[in-house]
Amino acid sequence: MTDRYCVFGHPIGHSKSPAIHAAFAAELGEAIDYTAIEAPLDDFAGAWHDFVAAGGRGANVTVPFKEDAFRLCEVLSPRARRAGAVNTLILGGNGQTYGDTTDGVGLVRDLERHGVTLAGARLLVLGAGGAVRGVLEPLLTAAPASLVVANRTAEKAERLAADFRDLGEIRGGGFDEVTGPFDVVINGTSASLANELPPLPDDLFAAGATAYDMMYGAEPTVFLQWAGERGARGVDGLGMLVEQAAESFFQWRGRRPDTTPVLEALRRAL
Ligand code: ATR
């Protein structure tokens, strides 16, 4: 039987994951079946166990189930434990469910692909929700000189920074406490969804700085437009989406797809 994988979400209709994983599988000659499943909001664990009973070997997990997925795992990767969330479920040979989160490595790989050197860089991360918590471990592991987390609700950023302080030089606070310059500024707020911009000082960017928005769309987000007007190079989150998928694929199949053709095809289709 063909190995089955899926992405769980609610809603899930617009997910790009089935197309991405189908492209990876075709590229590598791996026979897999990957579908999108809308799990019920009140029984994520049931949806996963039903999927396993029907031959499921692994899954991606998206909004709003990443914390539910975290809770059902019998074994967690260290980075998933830090994130408190799981975007990749893997069925172990012993029937146990293993959980990982690949969003952070996806972000770091995409930054590297754009030629951004994180080691020694001054980093600013905007936002303190689940999306940001999920990427802090790989960002700090890349050895930046410093990392500031800034959030509309300052206390959330302070608490988040405290949870990661053992991994590197990290501070948290409100937007009004932000003083540049920074080499890399990552927008992990959901403000772009509402076409809003976090209130930020004009002199945020160092020469040659990169502004990264975890969101993406056919047009640059308001954050990337704002950053571009202030001299920063803008990168959206489409590459992060493809890179996190590639890392999940690797966890399941032990093989790494070339992400460039898939990313180019998605970009053309936006
Ligand atoms: P996610 O899983 O995407 O991280 P979340 O946990 O709801 O979602 O977090 C959303 C993040 O975007 C938070 O940091 C939120 O700020 P608050 O903690 O102050 O709520 C931030 N956010 C949402 N809308 C925003 C806006 N218009 N301006 C600035 N920050 C915003």
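Cβ coordinates come from backbone N, Cα and C, glycine included.
Please treat TrEMBL annotations as automatic predictions, because they have not gone through curation.
What TrEMBL records for 7-89 is domain 'Shikimate dehydrogenase substrate binding N-terminal'. If you look up TrEMBL, you'll see SER15, LYS16, SER17, THR62, ASN87, ASP103, TYR216, GLN244 marked as shikimate binding site. Annotated active site, proton acceptor per TrEMBL: LYS66, in sequence order. Per TrEMBL, domain 'Quinate/shikimate 5-dehydrogenase/glutamyl-tRNA reductase' is recorded for 117-192. What TrEMBL lists as NADP(+) binding site is GLY127, ALA128, GLY129, GLY130, ALA131, ASN151, ARG152, THR153, ALA154, GLU155, LYS156, MET214, GLY237. Residues or ranges marked as domain 'SDH C-terminal' in TrEMBL: 237-267.
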For this session: Would you mind sorting out which binding-site residues among SER15, GLY129, ARG152, LYS156 put a C-beta under 6 angstroms from ligand 1?
Result: GLY129, ARG152, LYS156
For this session: Give the number of CB atoms, excluding that of GLN244 (shikimate binding site) itself, located within 10 Å of its CB.
Result: 27
Problem set entry | Alpha-carbon distance [ARG152 (NADP(+) binding site); GLN244 (shikimate binding site)] in Å | 27
Seminar exercise, completed: According to DSSP, GLY129 (NADP(+) binding site) sits in coil
Problem set entry | For the domain 'Shikimate dehydrogenase substrate binding N-terminal' (7-89), the mean pLDDT of the predicted model | 97
For this session: For GLY237 (NADP(+) binding site), find which of the recorded positions SER17, THR62, LYS66, ASN87 come within 10 Å, Cα to Cα.
Result: none
Problem set entry | Neighbour count (Cβ, 10 Å) for LYS16 (shikimate binding site) | 17
